[in-house]
Amino acid sequence: MAENESNVVVDQGQTKLSDLWTKEDYWAIWLGFVILIAGMWLFLANPSPEFAQKVDKANGVMAAEAARAPFKTLAYYKAQDDKGKLQGMDTPSGKAIGAFLTTPGAWASDPLEAFVLSKEAADERNAAAKAKFESAKVKSDAALAAAQAAEAAAAGAAFADAALNTEAQAKIAEWRAEHAKMKAAEKKTKTKPFNIATSLPMLMVALGLFFAVGMKFMGHDVPKFLVGFIGVFFVAVLALMMGHQSTMKYWGIGAEAWAIIIGMLVANTVGTPSFIKPALQVEYYIKTGLVLLGAEVLFDKIIAIGIPGIFVAWVVTPIVLICTFIFGQKILKMPSKTLNIVISSDMSVCGTSAAIATAAACRAKKEELTLAIGLSLVFTAIMMIAMPAFIKAVGMPQVLGGAWMGGTIDATGAVAAAGAFLGEKALYVAATIKMIQNVLIGVVAFGVAVYWCARVECREGHSVGWIEIWHRFPKFVLGFLAASVLFSVISGSLGSDMSQIMVNQGVLKGLSSPLRNWFFCLAFTSIGLATNFRELAHYFKGGKPLILYVAGQSFNLVLTLAMAYVMFYIVFPEITAKI
């Protein structure tokens, strides 16, 4: 019995006041909020007055251009781009933090370049990228000249000629596409030398001590944890290095997948060294990261995209989750209900984040969680490449394509990468819908906790009370929701422009997001190092988990595309026109 209890994602227990400082879920909340509060102090306490001045100037130009022309002019876009360059993390302290949290860099054939890049090597990269940049600049300049001529013609007719206006819009859109390619090429000519060989050991010590505080209060052996953390961190760094290799990056095989692959190879060949095992704290790392993820779910962004996005995320997702679970139970006859629900939520909601919350709510075995996450990572890598290529091949509109990808690709980072492949609109829509979908993490965790208490593990003649649901409910989700509410209030009070600068490009991208990425990588590394192939083998009997995922994702793809088309192009076309 003791062995079974230790093999589930969350152990049962009675609620006590001491849980606040002895339980993992609460420590995930406390540590997450320590980071968020530090971020608010660093980036929100003393904003530069230049930010407000530059924003006001850009908004003035944009308002004047919007009043002058019935479409977004070149001057409008220039002002918009100038505003977009403002970043709260672009300060001495912000740059120092960014350098300290840096992960291994990009490399092609020499892995050492992920850690140390000399000035000569940086200059060589810049020179190699210069020709492509110059070619892109020629095309961008030509597109700009054509756009200027078309806009001038439309202006000459006082913007009263619909044909000239349409032509100007088309030429400006072409310039924006070429300009984006040019900026991407230009970025590759600005590679700077770096050396993170010294900062990585310091970061390892800092993160180890950070998590050790909670380990001490939870009754674990801190010295053994810190020694083991060295091994976990080392494997995580290797995974990040492999995830940034150019070929791996192209095919979407990121650090998360490599963390599990390398960890599993170690665990199932030489075996995970015993000194590392005290630091294999999968849930501790990932729950802390999920609390930080909550700060990225902002209500004002949800409102900005309107009802269409909410329908795509909040109507389709529960339908897909429930139907997939029923399919697994009734048709496939899945032997494990917990594996069924974890895979169903992983596939339908938002990948690993939903999987860990659901696994905690239904007390799934750790091997089941590992299997669900593995399936998610494999299909995420496939979909983030295949979907943009298909959307482009069939000529699907960016808004529709972005909504489709945002509702179906599991990982938030993969959604952004796939959206960026299509263009600005697709990136915005895809990322926003995925963020709206992330809100369901807490809802799904609560729903699964209630269902498992009332229907799956109910005892005859025994009514389910709220206290039992509370015991089952993963408490770290409260931190996720609290972070979302807090930062939504802060974002709303600052206004959309200053929120983008100080919150998105300050607290979040300057501190919490980089740390969240580190925490997730540590968690995936721990999953790999703790996984035994033999323990996973029986779950694949008959290929049922794979069939469940493929069937559910196929249904998800069809229903999401249909809902996105209906909501964005039939019911609310006016919202689509404004995006």
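Heads up, the Cβ atoms here are built off N, Cα and C, so glycines get one too.
Sequence annotations record features per position, and here Swiss-Prot assigns transmembrane segment to 26-45 (among others) based on sequence analysis.
The transmembrane segment feature in Swiss-Prot is assigned to 193-215 (among others).
Residues or ranges marked as transmembrane segment by Swiss-Prot: 225-243 (among others).
Taken from Swiss-Prot, the feature transmembrane segment applies to 250-272 (among others), supported by sequence analysis.
According to Swiss-Prot, the feature transmembrane segment maps to 305-327 (among others).
Annotation comment: Swiss-Prot describes 369-391 (among others) as transmembrane segment, evidence class sequence analysis.
The transmembrane segment annotation in Swiss-Prot covers 401-423 (among others) and rests on sequence analysis. Outside the transmembrane segment (401-423) by six or more residues, the chain places 177, 180, 252, 254, 256, 293, 308-309, 312-313, 316-317, 346-347, 350-352, 376-377, 379-381, 383-385, 387-388, 391-392, 429-435, 437-438, 553, 556-557, 560-561, 563-564, 568 with a CB less than 8 A from a CB of the stretch.
Taken from Swiss-Prot, the feature transmembrane segment applies to 436-456 (among others), supported by sequence analysis.
According to Swiss-Prot, the transmembrane segment annotation covers 476-495 (among others), on the basis of sequence analysis.
Marked as transmembrane segment by Swiss-Prot: 515-534 (among others). Here the transmembrane segment (515-534) has long-range neighbours at 35, 101, 103, 203, 207, 232-233, 235-236, 239-240, 255-256, 259-268, 272, 276-277, 279-283, 285-286, 288-289, 292-293, 352, 366-367, 369-370, 373, meaning same-chain residues at least 6 beyond its ends whose C-beta is under 8 angstroms from one of its own.
Within the chain carrying the transmembrane segment (549-571), a Cβ under 8 angstroms from the stretch's Cβ atoms is held by residues 307-308, 311-312, 315-316, 319-320, 323-324, 327, 343-344, 347-348, 375, 379, 397, 399-400, 403-404, 407-408, all 6 or more beyond its ends. As annotated by Swiss-Prot, transmembrane segment applies to 549-571 (among others).
Remote same-chain residues near the transmembrane segment (250-272) are listed as 103, 235-236, 238-240, 242-244, 280, 352, 370, 373-374, 377-378, 380-382, 384-385, 411, 413-414, 417, 517, 520-521, 524-533 (criterion: CB distance under 8 Å, separation of at least six residues from the stretch ends).
The stretch from 26-45, 305-327, 369-391, 436-456, 476-495 with the most CB pairs below 8 A to the transmembrane segment (193-215) is 26-45. Among residues of the same chain six or more beyond the transmembrane segment (305-327), those with a C-beta under 8 A of the stretch's C-beta atoms are 340-341, 343-345, 347-349, 403, 406-407, 429, 432-434, 436-437, 439-440, 444, 548, 551-552, 555-556, 559-560, 563-564, 567-568, 571-572, 575-576, 579.
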